[in-house]
Structures are given as C-alpha cells and as structure tokens.
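Here is what Swiss-Prot says about this protein:
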BINDING   171, 172, 173, 174, 175, 176, 177, 178  ATP binding site
SITE      364  site 'Required for activity'
C-alpha cells in the first residue's frame, strides 16, 4: 500500500526549514604579495588590517603586520620564508599574537612564538596571553622592598637587587655577564622564584651549553628558556624578549615571583634596526629608528613589584648590554641605563687581572635595592663601598709614591684582602649568612696578617668549620636577618678559634 503524501505536511516542513535557515558567510579579507625581500613582504589588498595583526601566507608561513602604508602593508615573516614570492595570496587571521603561559612551560625550551623546540613533546597548557601587554600603572605598583639574593658577594653586599627591580648587567664581550645572570638563576633554587632566560641572537651551541649548565645545577625545573638564535629571522629575535616577559607576567599576576634575564638587548636592538631599515623606516642616531628607546622601555616597564591588592607578586628583570671597548656612552647603553634602576658594570681589565666577578664597584649602582637589602648585610657591608673606592684611589697613588705612611699602607693591605674576599668562582652562589660571615671577617681584620693568596682557601675551609662547631651563627642570621651583639661576639670567637688552627701556605 502506497502512503499518501499530504500537501499541507510538505508545505509545513518547507516553511519550518525556511524559518530555521541561517545564511552563514565566512568573509575573509585577502591580499597579494607585491614584493618580498630579506624577511619582509609588501602586501596589497589588506585595507582593514590592524597594526600587529597576524596574517597567513598561502603556503602556511605566518607574518606580523608592522607597517601600515597608503596602499600596502609591511609584513615581517615569522619563520623561514624561502617559498614566498610575488603574487602569492595573504589572508588576515583577525587576531594579535598570543603565546602560551603557565606552569607547564617550566623546564622547557621554546622559540619566540612559544612553540617547544626541545623535543619533549607539546606543551600542555590552555592559557595564552597577548605578547603586547600594557605595563602596570603607578597605582598598581608597590615600592621594591624584598631582597632578591643573587648569591654573589659583590652584588648582594654592594649593589643589592630587590624583587621587582630592573638591574642592568653591562660590559664588554667575555667579561662574565651571562655567568652573573646564570648565578642569579641558580641561586633561586628553593626560593619559589620562577626564572626565564631569553637568548637573543646567540649561537645555538652557546644556548645548548647554558641549558646544560642549568640542568647540572637543578635549575631547569623552575626555569623557562626562550631562544631565538642568530640563525633565525630578525622578527623572531625582536619578539623573543616580549614572549619571555609575557610568560613572566603570568607568575607576577598570580601572586608569585619571577626573574627574567634578557641576553642581550644589544642584539635585540640590532635585530629591530635591521627590520626597520628593510621596512624603510627613517633611521636616526647610529642608524637605529627613532622608537628604539620605546621598544626597550615598554619591555622593561613590564617588570614590577605589584601592589597588595593585585597579589603582591613581582617580576625582576636583569637585562644584559654588550659594550664596545668599555664605551657606556653609546646610544643603546645610555638608553637602557636611563630606563633601569641601576647597573652592574663589568670590566675587561679586572677580569683579566683575576678579579672575578669583574665588577667595577665605583661605576656599579643599585638605585632602589638598598631598601630591599637585609639588615645583617647592611651592618657588615655599610662602609665597604667607600673602603674599596679609597683603596682604588690609594692604589693608583701608590704606583708613583715610593714611601707611604703607616695608615695608608694598612688601608692598602686591607683593601687588597677585601678584593680577595669578594672574589667568587662561577656557578657557586653563597647563602646570605655565609656572605655576612666572610665580609665581617675582612672588616674585623682577620686577614690583615695573612698573604692575600691564602684568603680564598681560608674562606673555603671556614664554612664547614662554622657549620660543624658554631651552627647557631648561621641560624641566628637566618632567623633574625641581623647581627646582634650575641652573634657579633660569637662570630669573633669562632673566627679566632678557626684562625688559630688554620695552616698558612
């Protein structure tokens, strides 16, 4: 039996379908490559594109819109672009650049786009953030008041760093700038500070060596490495520091503490200059574009100590700048010096003469770190900077003067020994209480009758002796963060006892 088709049923179904019909049209603006050279494409037809928007070329390469011109837009290529050529289509992605953030990144090595490059599989994180974020405003900040110990005697005593500070590490090539920064990262073990190391324009072998060094000291478990090597496009080298700081801001905004190292911003400025000149932006001093100050200030202002209302988290920045023949008055060094809260100046002459870390105490300064320094360090290192400055002056004078009075000679000898006290091998950070003890020993004249060559050995043998015989000294300094009369007397007693048993070579 054939079923009868009811006309009214058919009409009601058709009406229902018409009522529920949705016309969804995917409108996608596309353009064409007019010219392509040196990692920059001029694209025609993207009239509604935003500055900083992501675009995609027909063979899959992504780009970032940097220039908005009258008829074309300048797009920098994010990755290798050998297959790009004139006439290829380009489509808008309608979004700004975002990178993954979160705890899943700890222990990983990523590129400037936040993609893993360490062969350990994908990063399991769902949260992403815009690479370009506004820095916290004045009311969202709090003054720097908590110490960030680097474990380096010369820094913690003379140029202390606080959480939320920006402290520049500046010096010629091969003066130990990266070593100082890595020491600071290694010393954060067990302190709850997340570290981010951003390598800009470095050799791949150098980055691999740094990662191995961090792994050897157990520091990779709380560190993220963002690497954009010299072989990569200038656009990726330019983006890497912003990617790193975006990852650091996640911890800062979640009431945690972060430390970020930019190694180095000289190469970052060179990458930006290369990109800007190809985009035909007008060059200024040293051929850098006019906004080269702004690219560094907007980056470094994102490191901050945030207010209690926002969770009291912090992000501390250690930017590195490489100088040429010690010239700190060049364009980029003066820019970054004026942005940061102080600088640690490393000198080739000191490095070559065996003073390592090669910190020039006279030129190094921490503008806000003094408020964060613990009382115990302040007590023992209060006059150390002045004493060392007077020693340097006297040392220069002693080269020409044949005979010195007794006071000057003693000051010169004390200065020599204090320089020895501040020497420290790389990748061996010291706890605050050990620093306080050894500087106290120098100030109290325990090395005055000892050859300077014995000071380092004296220090190495002193710590195990104190831990075994006088552990309460370290306990007192750790618990009270100051040197009271009782601790002072105990330190003198312990040092006298140890010195009596110390065999001078």
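Each residue's number is its place along the chain shown, starting with 1.
Every residue gets a Cβ built from N, Cα and C, even glycine.
Owing to the predicted nature of the structure, the values given are computational and were not obtained by experimental measurement.
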Next on the checklist: Can you name every residue in this chain, apart from 171, 172, 173, 174, 175, 176, 177, 178, with its Cβ inside 8 Å of the center of the Cβ atoms of the recorded ATP site?
Outcome noted: 322, 346, 348, 351, 358
Checklist entry - How far is it from residue 178 (ATP binding site) to residue 364 (site 'Required for activity'), counting Cα to Cα, in Å? => result 17
Checklist entry - Cα distance, residue 364 (site 'Required for activity') to residue 173 (ATP binding site), nearest Å? => result 17
Checklist outcome for this item: Integer Å value for the Cα distance linking residue 175 (ATP binding site) with residue 364 (site 'Required for activity') is 15
Item to check | From binding-site residues 171, 172, 174, 177, the one whose Cα lies nearest residue 364 (site 'Required for activity') | outcome: 171
Checklist outcome for this item: Within the same chain, the residues at least 6 apart in sequence whose Cβ is under 8 angstroms from that of residue 177 (ATP binding site) are 169, 170, 171, 263, 264, 320, 322, 346
Checklist entry - Where does residue 178 (ATP binding site) sit by DSSP, helix, strand or coil? => result helix
Item to check | Fewest Cβ neighbours within 10 Å, where candidates are the binding-site residues 174, 175, 178 | outcome: 174
Checklist entry - Ranked by the number of other Cβ atoms within 10 Å of their own Cβ, which of the binding-site residues 171, 176 ranks first? => result 171
Checklist entry - What count of other C-beta atoms do you get within 10 angstroms of the C-beta of residue 172 (ATP binding site), across all chains shown? => result 18
Checklist outcome for this item: Note: among recorded positions 173, 364, least Cβ-dense neighbourhood at 10 Å is 173
